[in-house]
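TrEMBL has this to say about the protein:
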TRANSMEM  B:6-29  transmembrane segment
TRANSMEM  B:36-58  transmembrane segment
TRANSMEM  B:70-92  transmembrane segment
TRANSMEM  B:99-117  transmembrane segment
TRANSMEM  B:150-173  transmembrane segment
TRANSMEM  B:204-223  transmembrane segment
TRANSMEM  B:284-303  transmembrane segment
Amino acid sequence: ACGKDDKAADDKKFKVAMVTDTGGVDDKSFNQSAWEGLQKFGADNKLKSGSDFKYLQSNSPSDYAPNLNKLVRDKYDIVYGIGFLMENDIKKVADQQPKGKLAIVDTVVDKKNVASIVFKENEGSFLVGLIAGMQTKSNKVGFVGGVESPLIKKFENGFKAGVKMANPKAEIMIQYAGDFNKAEKGLAIANTFYGKGADIIYHAAGGTGKGIFTEAKNRAKNGKKVWVIGVDRDQFEEGQPQGVTLTSMVKRVDIAVQQVSKDTKEGHFPGGKVVEFGLDKDAVSIAPHKENVSKDALAKVDEFKKKIKDGELKVPKDDKEYEEFLKTLKK
Amino acid sequence: MDFLQILALIIPAAIVSAAPIILTSLGGVLSERSGVVNIGLEGLMMFGAFIGALFTYYGQEWGLGAASPWMSFVAAIVAGAIFAIPHAIASISLKADQVVSGVALNFLAAGLSVFLTKKIFDAGQTPDIQERINKGDIPFLSKIPLLGDWLFSSAYVTSFVAVALAVIVWFVIYKTPFGLRIRSVGEHPMAAETMGINVIKTRYISVILGGAFAGLGGAIYVATISGNFSASTISGQGFMALAAMIFGKWHPLGAMGAALFFGLAQSLSITGEQIPYLKEIPNAILLVLPYVLTILALTGFVGRADAPKASGKPYEKGKR
Amino acid sequence: MMKGRFFPILVPVFSVILGLIIGAIIMLVSGYDPIAAYGALVTGVFGDSYNLGETVRTATPLILSGLAVAFAFRTGLFNIGVEGQVLVGWLASVYVGISLDAPMVIHLPLAILAGALAGAIWGVIPGLLKAKFKVHEVITTIMMNYIALYGTNGIIRAYLLQPGERTKDIKSSASLGSAFLGELTEGSRMHYGLIVAIIVAVIMWFILWKTTTGYELRAVGFNQHASQYAGINVSKNIILAMAISGAFAGVAGTMEGLGTFQYMSINNAFTGVGFDGIAVSLLGANGSIGIIVAAFLFGGLKQGALEMSSAAGVPTELVGIIIALIIFFVACSYLVHWLTNRFTKGGKL
Amino acid sequence: MEYVIEMRNIRKEFPGIVANDNVTLQVQKGEIHALLGENGAGKSTLMNVLFGLYQPEQGEIYIKGEKVDITDPNIANNLGIGMVHQHFMLVENFTVTENIILGREITTGGRIDLKKAAKEIQKLSDQYGLRVDPYAKIENISVGMQQRVEILKTLYRGAEILIFDEPTAVLTPQEIHELMEILKKLVAEGKSIILITHKLKEIMEACDRCTVIRRGRGIGTVDVASSSPRHLAEMMVGREVNFKVEKQPAQPKGAVLEITNLVVEDSRKVPVVNELNLQVKSGEILGIAGVDGNGQTELLEAITGLHKVKSGTVTLNGENITNQKPRKVTQSGLGHIPQDRHKHGLVLDFSIGTNMVLQTYYQQPFSKHKILKFQTIHNKAKALIDEFDVRTPSIHTPARALSGGNQQKAIIAREVDRSPDFLIAAQPTRGLDVGAIEFIHSKLIQERDKGKAVLLVSFELDEIMHVSDRIAVIYEGKIVAIVDPKETTEQELGLLMAGGKKDKAGDKV
Ligand SMILES: Nc1ncnc2c1ncn2[C@@H]1O[C@H](COP(=O)(O)OP(=O)(O)OP(=O)(O)O)[C@@H](O)[C@H]1O
Ligand SMILES: Nc1ncnc2c1ncn2[C@@H]1O[C@H](COP(=O)(O)OP(=O)(O)OP(=O)(O)O)[C@@H](O)[C@H]1O
Ligand SMILES: [Mg+2]
Ligand SMILES: [Mg+2]
């Protein structure tokens, strides 16, 4: 039977699948983006949804392992784990299923059969930081994180660097909500930030960010000019109808997933490697909706995009690098 | 930042986040005052939030514009009331253990609301609603020095609705015949029965009314805070409402006060990170602060609270 | 008298069947194929040894959290704080698992005990407040849940953080995991925790029904005045009840820390183990055997749900609905009583 | 002849028992009609049928000659039937007014008008001499006043027919006397009354006719004037009843319990037991007579360790037990038949067998190394149940399901069996029928004859007079007199209990 299978494998379709975290495929964030990438890949290769390409949703962290395991054993040619929370489970499954090909987003797993996909969120955040620095009227801006982690720190530090680059005098308020899903906390933090005079808030806080939009819209409706900078996807819609979304830092997990799937299909599975996606691959960028961004700011963004791509400027990703960055800035 | 500025930040935020909890705890008060324990508040609130998001969305589609959230409130009130019926049937007519039935209600709400969301929108969450309830200055009152800034400037109308409803519920429970009957049924149903009061009917009405309040609480959360519904929109607020009800000693105004206290503690911990000195306190400590404060308040000056005597006990006619 | 003897089993069985039937109806109405779905559900549980192993793994902490809720219930207390007690138990066991060097016979029991102790402390606080200040345990345990969630996160971040937002892995000498069980179940995370859970179930049964302590605990649960009259220390027993309940919950946490995960990560939300424990305990009628059965039912449904959504495309939430229905029907055992009474009495009531 | 109430051939079943079997009851207008029967005979059941709380399986009810169908208490109320229940039907944390108007509220503009209601209640209470404080909460008023509230409830609803289910079981002699006056006043106004009581004396004193039920069956109705207590008791029990408590003169020896200068404060820091001195000797029954609320409860709680002592000492068998834990006190040789059997005496949800070791479960042979020995416990329970004739289907039956009389017997069995040197019996026969009372009295005397000391607290003067060897009168927290029952009359005792002041009839709010 083995021989037969092998033979059939050649003309058998290439199958891809992913495991979401508890957010699900429509979290308006990286799960959704990854699934869009998979769908695009499926359409390009005429795959059938639900069998040739599909996703499994996890209801709790303990579901990651069985879900990954199931997909690998169902002979999917590459299985994505979306989010750094699956790091350990990916490792485990990779050990148990040495023949399976796995990929993880947002962290690095050093295994021969695991491809690690990471993004340079700090670079994208730097760009929106520039915009914030240019467009703040009060010289005060804010950053709200969900739960503190090195990943979210990349957003924070990139953003801070951008702001300081464009506007060294600007004051930056930072707060972590301790939660990705508490809109009322987002609302209260935004209330504090705006109340203390900030006019632009950048968030990397998932569902907690909803409260930030709510507060901004309320203020906008009462005639105050305040902005939110969205994250992960273009959050222009979230800002409607008052149009409070200044811009968004878009993280193209879809591009990454398509790219890695394509490579794998062509026999170049980047197992054991770290595939980095940054400005260079247009995998992090500012959102297509640009109507609220000033011409000057856009020009500035383009200027620095080039500098970063050319390697002239290194964007800090953690607190230490940021400290050093500030020193270079002073010189 | 000076002290007054801090208050001006903390108080409005507290009131905003308190409104859904106030309403839901009022639902709890109504239900438990009649003798039916309601652990299902979380579920009722969740279902209300779902219906709130759903009907605001459809309201927008149907061209109701700014009236959409208000229509969604009506829908959520009705839905909450209907959703409370299984709990009423189980715990009143079928003499089920009320805690069990309430827990079942929570599971049912979590399953059903997300299941229906997936069925209707083919997504794990509803679309963002465009028409919200918006903050605004309350005419005249917002001009009062200090208090105007704290309480009546850029405030949600719904917050005042919540406070007004708390007063109304207090009036109904403590000042009207209907309230007297609800309380009698929760304290000594047999006595009520001998006075010609229909225990079963009174309890049904109270539980269903309680569901309506909790449903409204959920819908207001969506309209004023989250802006859409997903599985994680209501995660624990119903239990906080339950705690507020007990904290408030099963009294409508007490429950309101407790909900405001939670809100205040919460916004203090959030704003605290932006206040000099407090800033130095580790984030984790500020995060647990509201809950620690609540426990301290309970221990220090609230102390003992007695539930209505018959709460939790199914009433059987003629049983001793 | 046959009715009397079989009644306790009759109700849950009846409830499960009824819940599944209504679940099928909902599927039909909303356009899913119930036969395929239930087929997948069964495969998801019994399909292969991996699924079976994972089902056991899911059920293991639920047994313990169910026992924790039940123990408190038996003594007249409602412990909604199991969730928080699970978290602190988890952290304590992982801490001991990481930081100690000892042979397994010492290390593993010590790590489990650490979890139990942490859970017990978390339970004692509400117990103490109830006994001394008459503060209602329902509020304090809800508050203690949040304190546990943010507190454990804070401790991990401050002292134990490793890349990946988590602690180090525990040493193998503190692990409940086993290569043997893993091989047996095609690499599932099934671990020896089931044995611990069953031992705890026996302990609960024994304490409650065989010892003078159990006699006192139950007496206080039913009637504090009479207990006082009989010379039983009411405050002490309230505190003790919460301590034991919390200890059980803490052990449930060690199942995650020493079994399933072997580390603790920063939790973005509650684990759900504690809240599910309430349902498990109620479904199991607060008895040791009932709880074990209910935990397996629960674990099976949750595990099977993954396959159900994978193979039959039915949202996993449907399983939540079915669970809710089953609990409802169990709660309404009066209905079953009534029906059987009616039946045996020939329609006269 | 037309009856104001006629219940014909009523049959009411409960699972496994026929509570009323073909009972007929006919009440004339303007009479006080007694209903008599042993515990569990079916009196309350019959009245609950009349009041619409139970539906009979068979039989008809006629009110003033008209056939009626009373399916719920509302209908009964509308028919002019009011009932004062055996266990009061009052909401404890409501005020008197709120309790009375519940269901028939007086409102102005949708709002309850408590002032107007209170005025109306005042009018009613003046009319019938039913003194109440309209604004007091039920939990703060005496049992006697609670009962008057119950009566007012029925009058407020315009009841013409009043049912009293064992109203005197919980009252002090003074209160009973007042109640009887009120009943007479009510019939004088043209109302009709059904009175359930176990006290034959009350029937003889106040009633016109008496219907007797035995084991659910109607035995007959007699004119009280042409009957005697002995005759009624025989009808009720079906055998001859011995009224006189048989006992030999006491042979007291040394003091077992000694109380000196005892002061106990209540929750408001008011001393309710005030410099009290008392001795109970072995081989005697010391009765404490007193109006409710003169510190009896606190005295007993202080002795047993349930209530803190402010100052003074309590010694038992020479051992100082002041402010000791209840367990310690029990171990020093104290037995306690508590006043409130449901609150203190039993864990109602435990089986009756388990309740039998409530005081001894932790001792050998019932447990060893903290492990319960069920076989021993069961054997003990069986033995006690046989010896004390506790009627229960099995030792595994929950205590809740037993009748009050049998619950009381179980408690007595448990306490007496431990053979304590000092036995407290608080209201040991409250609500019990004559047969059960006879049994309990003989048990107390048996203990005395074994050389134990017995402290009897009772509001029944009869009981105090007949059972005690010495009587201590308690008034305002002090023992004001110690008398010999053989040389004292009830009148003299009553005077002492009232502290010499006549208006002090137990109305502490
Ligand atoms: N709610 C009930 N459920 C089951 N059986 C009952 C119930 N109430 C009464 N009974 C049965 O009916 C019988 C009569 O009870 P009932 O209360 O009428 O007695 P009673 O004459 O009022 O006694 P007592 O003098 O003690 O008040 C009891 O022996 C009992 O077996
Ligand atoms: N819930 C119940 N289930 C079954 N039987 C009951 C129940 N309640 C009461 N009974 C029965 O009712 C009978 C009488 O009970 P009841 O409480 O009227 O006794 P009692 O002597 O009047 O006691 P009390 O002095 O407390 O009024 C008992 O024989 C008991 O078996
Ligand atoms: Mg009776
Ligand atoms: Mg009785």
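For all residues, glycine too, the Cβ spot is worked out from N, Cα and C.
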Recorded stretches the transmembrane segment (B:99-117) and the transmembrane segment (B:6-29) touching, at least 3 CB pairs under 8 Å: no
Range from B:36-58, B:150-173, B:204-223 with most C-beta pairs under 8 A to the transmembrane segment (B:6-29): B:150-173
Among the ranges B:36-58, B:70-92, B:150-173, B:284-303, the one whose Cβ pairs under 8 Å to the transmembrane segment (B:204-223) are most numerous: B:70-92
Tertiary contacts of the transmembrane segment (B:284-303), as residues 6+ beyond its ends and Cβ separation under 8 Å: 243, 247, 249, 261-262, 265-266, 268-270, 272-273, 278
Cβ contacts under 8 Å made by the transmembrane segment (B:70-92) with residues that lie 6+ beyond its boundaries: 27, 31, 36-38, 40, 43-44, 47-49, 51-56, 59, 64, 98, 101-102, 104-105, 108-109, 200, 203-204, 207-216, 218-220, 222-223, 314-315
